[in-house]
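Peer 1: Handing you this structure, nothing more for now.
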Amino acid sequence: MVCFNSFYQAYQHKLKLALIGQSIFGQEVYNKLRKEGHKVVGVFTVPDKNGQADPLALAAEKDGTPVFKFPRWRAKGKPIQEVVAAYKSVGAELNVLPFCTQFIPMDVIDCPKHGSIIYHPSILPRHRGASAINWTLIQGDKKAGFTIFWADDGLDTGPILLQRECDVGQNDTVDDLYNRFLFPEGIKAMVEAVHLIADGKAPRIPQPKEGATYEGIQKKENAEVISWNQPAAALHNWIRGHDKVPGAWATIDGQVVTFYGSSLLDASVPAGQELAIKGASRPGLVTKNGLVVFGNDGKMVLVRNLQFEDGKMIPASKYFSADETTALELTEEEKKMAEDIRAIWKGILSNVAVIEDSTDFFKSGASSMHVVRMLEEIKQKYSGLQLQNEDVYMATKFADFIQMAVRKFRGEDKEEELVIDYISKNVNNMTVNMPYQCFINGHFINADDGKTYDTINPADGSIIASVSSASLADVDKAVAAAKEAFENGEWGRMNARERGRLMYRLADLMEEHQEELATIESIDSGAVYTLALKTHVGMSVQTFRYFAGWCDKIQGATIPINQARPNHNLTFTKKEPIGVCAIVIPWNYPLMMLAWKSAACLAAGNTLVLKPAQVTPLTSLKFAELSAKAGFPKGVINILPGSGGLVGQHLSEHPDVRKVGFTGSTPTGKQIMKSAATNLKKVSLELGGKSPLIIFNDCELDRAVKMGMGAVYFNKGENCIAAGRLFVEESIHDEFVRKVVEEIKKMKIGDPLDRSTDHGPQNHKAHLEKLLQYCETGVKEGATLVYGGRQVRRPGFFMEPTVFTDVEDHMYIAQEESFGPVMVISKFKNGDVDGVLRRANTTEYGLASGVFTKDISKALYISEKLEAGTVFINTYNKTDVAAPFGGFKQSGFGKDLGKLFSPSLISHLTVQINEETTLPVVPCV
């Protein structure tokens with residue numbers, strides 16, 4: 001392959017050109033060449049068709065460039081001398097053939113000083129001939145591209161000037177390749193080729209003989225699906241290789257039916273109504289997503305649209321109900337719109353005397369280029385009417401087109417509107433609208449058994465809302481919806497970059513609603529509003545943006561194996577999504593834990609069923625609303641509020657769930673592992689912690705006090721990586737404690753919506769009572785309660801920040817996590833580094849840890865020896881979406897965040913190919 005940089009300004013010389021060809025492609029090449037300063041001395045194109053000039057002719061005539069419209073250049077195999085003479089009269093130095101369907105005699109090809117160059121839409125020498133793009137897809141090539149070559153007396157055999165290539169997507173059609181790459185890049189390359197010739201820098205590279213193929217032209221008569229006895233992939237390639245022109249077809253119910261919009265369907269056989277297809281050994285299935293046809297390997301192809309002999313195109317899913325649509329009665333405004341569109345059709349179909357209701361757009365002489373023109377003219381008059389190219393193919397007759405346009409104008413074709421029954425509250429100087437029902441398959445619905453429960457505001461104990469409590473039947477419905485979306489829905493067919501686009505859009509919506517989300521988080525979980533805004537919501541937005549960027553960067557690898565020589569085997573892995581993921585999250589960071597788990601899950605291409613903590617469901621349900629508004633297909637995201645013992649347990653046992661991600665207590669995590677063993681589903685667990693923080697006497701004490709308090713009291717102590725036990729070196733112990741108590745006394749405890757509040761309420765009443773019992777146990781065992789340990793005397797579930805000292809290793813509070821605002825301090829002897837390390841590691845947990853010291857050698861030694869997933873040095877609580885997060889021992893396994901997120905969310909497919917397998921190879925010259 002030969003590539004050159006396209007710095008047009010570097011080229012100095014200009015040429016006199018003859019353009020021979022047609023179409024919008026030829027028109028664009030013509031316009032660009034003139035813009036670059038070359039002189040087009042003549043345009044040679046086809047005669048007018050149905051009274052309409054070719055676009056290349058129209059552009060040239062507008063500029064005053066001489067235009068010649070010869071029906072042919074040869075007669076009985078010999079050049080027509082009058083035609084050749086007319087050509088020679090323009091005095092061209094180079095012939096440029098951007099797209100030409102006529103046979104041009106060698107007298108013309110060789111006439112100019114620089115000869116002739118031709119654009120061909122394949123990577124020559126592969127796919128010589130007139131249907132190169134079709135055959136690229138029909139034969140399943142992994143690479144497509146184009147070649148600009150020097151014309152000779154062979155068929156697409158001349159020396160190569162330059163080539164470009166692109167990847168072929170699994171479901172790309174002829175139109176996709178042409179519009180995405182061959183058209184825009186081909187125009188630029190044609191202009192570049194002319195520049196290279198003008199400056200004497202254009203190469204002439206002989207085409208290799210190896211790999212050369214020639215295939216015949218594909219027309220409607222030879223586009224029939226003749227053999228159904230072949231693999232699904234071959235059927236798919238045949239159908240998409242003829243989409244849109246000339247269209248692959250088969251005989252159904254005695255008439256020719258053309259297939260459009262095929263994709264491979266890797267899923268279980270969906271429900272549908274059988275449809276006999278001539279020549280197929282197995283009937284197709286008309287399903288809600290389209291027509292499913294079967295290859296001889298048992299695999300499936302999904303066809304989205306069908307076109308009948310009369311030109312009418314329908315969604316394949318509507319095959320058995322195609323004639324049920326009732327004609328609309330038009331309003332006066334709509335009648336005017338219809339007449340305006342009739343005038344637009346008349347302007348395009350100038351050869352048609354009158355546009356009747358039965359006038360067929362394409363049978364009247366229009367082509368794909370006229371589709372774009374028509375839609376753009378309609379858009380200029382009716383900006384609110386959003387039409388797509390495919391709409392024209394679906395309604396080719398004028399009356400059908402008007403009916404379709406009016407339905408779109410009225411909004412009747414839109415996805416059914418998301419119906420949400422909110423609980424609305426005026427709080428925090430705004431109105432917050434909170435969904436309260438289960439979110440299943442894109443709909444907010446009541447629990448199957450109608451049960452609800454109350455979610456409580458921890459700041460005052462009041463009821464915020466009665467929330468649906470999901471039942472076992474709701475779990476089954478949600479899992480079925482997620483499985484359907486993964487196996488048969490739009491999500492499963494969506495490319496990775498499009499997934500990323502949806503995730504970016506969702507992140508933007510979360511950011512737009514950040515104040516509302518932070519307010520809901522605050523009243524539902526007790527989080528201080530400023531912290532909720534910055535961390536709970538802010539990091540959630542960052543997480544979705546981070547993983548949106550990962551969508552198209554999850555890659556496999558090639559693997560050298562022992563049998564690579566002499567048998568020439570190639571082994572590679574592909575990383576694929578695993579399916580339905582169940583996510584169970586805790587109540588301390590409701591939205592952020594949702595983001596940590598679900599963003600990675602979605603980035604990998606999975607679908608999910610998420611159970612928020614029973615006491616904090618509201619931001620998860622608001623997230624569901626935003627995901628629907630972002631455009632996530634139905635079934636991809638499902639949210640089930642309710643009991644962990646019921647919903648969470650059933651999810652962990654469900655045979656159609658392939659992965660469980662859980663953040664919560666260690667005992668519950670152990671139970672989930674047992675349940676997950678029923679079908680050996682993958683599991684990742686982020687469980688309890690008793691994170692040690694070691695403070696040496698050579699630290700910056702004021703910084704250690706500030707960061708140590710944050711390590712304990714951040715988010716009211718309801719923090720999985722909170723420093724559960726502080727080890728303070730003996731010589732600074734008393735001063736450290738004194739400074740901590742002084743700072744606690746400055747903390748403002750109160751309304752979490754008050755911007756000046758430092759410390760809000762504990763999450764729920766049962767947790768507050770557990771914390772008070774925890775403190776009582778500490779006192780009974782002999783630890784010194786220096787400060788706090790009591791409930792604050794005010795409505796709500798507030799607890800005083802608490803400090804214990806003289807805590808010995810055997811005590812309950814030294815071993816067990818409080819998950820609250822309780823600082824547990826133990827003293828260690830001066831200089832006893834290894835001794836304090838042994839004490840710090842004498843815990844069954846290993847989530848996080850920290851050390852404060854100015855001695856970098858000591859810090860690194862400590863970090864190496866501490867048994868924890870994260871070690872903070874002279875800081876604490878500094879998590880980031882790019883850094884992997886997870887623990888050891890009974891703190892669980894698996895990683896959230898960072899590029900290590902993918903192993904538990906994807907499956908690795910290993911492929912081995914031997915030397916007899918044909919692989920597309922593009923030689924680099």
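Using N, Cα and C of the backbone, Cβ positions are placed for all residues, glycine too.
Sharing the feature lines straight out of TrEMBL:
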BINDING   Gln102, Phe103, Ile104, Asp156  (6R)-10-formyltetrahydrofolate binding site
ACT_SITE  His120  active site, proton donor
SITE      Asp156  site 'Essential for catalytic activity'
DOMAIN    332-409  domain 'Carrier'
BINDING   585-587, 611-614, 644-649, 664-665, Lys770, 817-819  NADP(+) binding site
ACT_SITE  Glu686  active site, proton acceptor
ACT_SITE  Glu686  active site
ACT_SITE  Cys720  active site, proton donor
Peer 1: If we count other C-beta atoms within 10 Å, could you say which of the recorded positions Asp156, Glu686 has the fewest?
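Peer 2: Counting other Cβ atoms within 10 Å of each of the recorded positions Asp156, Glu686 gives the minimum at Asp156.
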Peer 1: Please identify, among the recorded positions Gln102, Phe103, Ile104, His120, Glu686, the one with the smallest Cα-Cα distance to Gln649 (NADP(+) binding site).
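Peer 2: Smallest Cα separation from Gln649 (NADP(+) binding site) among Gln102, Phe103, Ile104, His120, Glu686: Glu686.
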Peer 1: Could you give me three numbers for the domain 'Carrier' (332-409), the DSSP helix, strand and coil residue counts?
Peer 2: 49 helix, 2 strand, 27 coil
Peer 1: Quick check for you: of the recorded positions His120, Ile585, Lys611, Gln614, Cys720, Phe819, which have their Cα within 10 Å of the Cα of Asp156 ((6R)-10-formyltetrahydrofolate binding site)?
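Peer 2: Matched recorded positions: His120, sequence order.
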Peer 1: Please identify, among the recorded positions Gln102, Phe103, Ile104, Glu686, Cys720, the one with the smallest Cα-Cα distance to Phe819 (NADP(+) binding site).
Peer 2: Cys720
Peer 1: Using all protein chains in view, find how many other C-beta atoms are within 10 Å of the C-beta of Lys770 (NADP(+) binding site).
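Peer 2: By my count, 14.
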Peer 1: Please name which of the recorded positions listed here, Gln102, Phe103, Ile104, His120, Glu686, is nearest in space to Ile585 (NADP(+) binding site), Cα against Cα.
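Peer 2: Nearest listed residue in space: Glu686.
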Peer 1: Other than Gln102, Phe103, Ile104, Asp156, which residues of the chain come within 8 Å of the (6R)-10-formyltetrahydrofolate site, judged by Cβ distance to the Cβ centroid of those residues?
Peer 2: Leu97, Cys100, Thr101
Peer 1: I need the most crowded of these binding-site residues: Phe103, Phe819. Count other C-beta atoms within 10 angstroms of each C-beta and give me the top one.
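Peer 2: Counting Cβ neighbours within 10 Å, the top one is Phe819.
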Peer 1: So which of the recorded positions is most packed in, judged by how many other Cβ atoms lie within 10 Å of its Cβ, out of Leu646, Cys720?
Peer 2: Cys720
Peer 1: Any idea of the Cα spread of the (6R)-10-formyltetrahydrofolate site, Gln102, Phe103, Ile104, Asp156, as a max distance in Å?
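Peer 2: Largest pairwise Cα separation, rounded: 14 Å.
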Peer 1: Pick from His120, Lys611: which of these recorded positions has the biggest number of other Cβ atoms within 10 Å of its Cβ?
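Peer 2: Counting every other Cβ within 10 Å of each candidate, the maximum falls on Lys611.
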Peer 1: Give the residue from the binding-site residues Ile104, Ile585 that has the most other Cβ atoms within 10 Å of its Cβ, counting over every protein chain displayed.
Peer 2: Ile585
Peer 1: Expressed to the nearest Å, what is the distance separating Lys611 (NADP(+) binding site) and Gln102 ((6R)-10-formyltetrahydrofolate binding site) at their Cα atoms?
Peer 2: 65
Peer 1: Let me know the model's mean pLDDT on the domain 'Carrier' (332-409).
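Peer 2: Across the domain 'Carrier' (332-409), the average pLDDT comes out at 86.
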Peer 1: Could you tell me which of these binding-site residues, Gln102, Gln614, has the fewest other Cβ atoms within 10 Å of its Cβ?
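Peer 2: If we count Cβ atoms within 10 Å for the binding-site residues Gln102, Gln614, the smallest count is at Gln102.
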Peer 1: For the C-alpha pair, I'd like the distance in angstrom between Gln614 (NADP(+) binding site) and Cys720 (active site, proton donor), rounded off.
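Peer 2: Gln614 (NADP(+) binding site) and Cys720 (active site, proton donor) have their Cα atoms 18 Å apart.
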Peer 1: Hey, what's the Cβ neighbour count for Gln649 (NADP(+) binding site) at 10 Å?
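Peer 2: By my count, 18.
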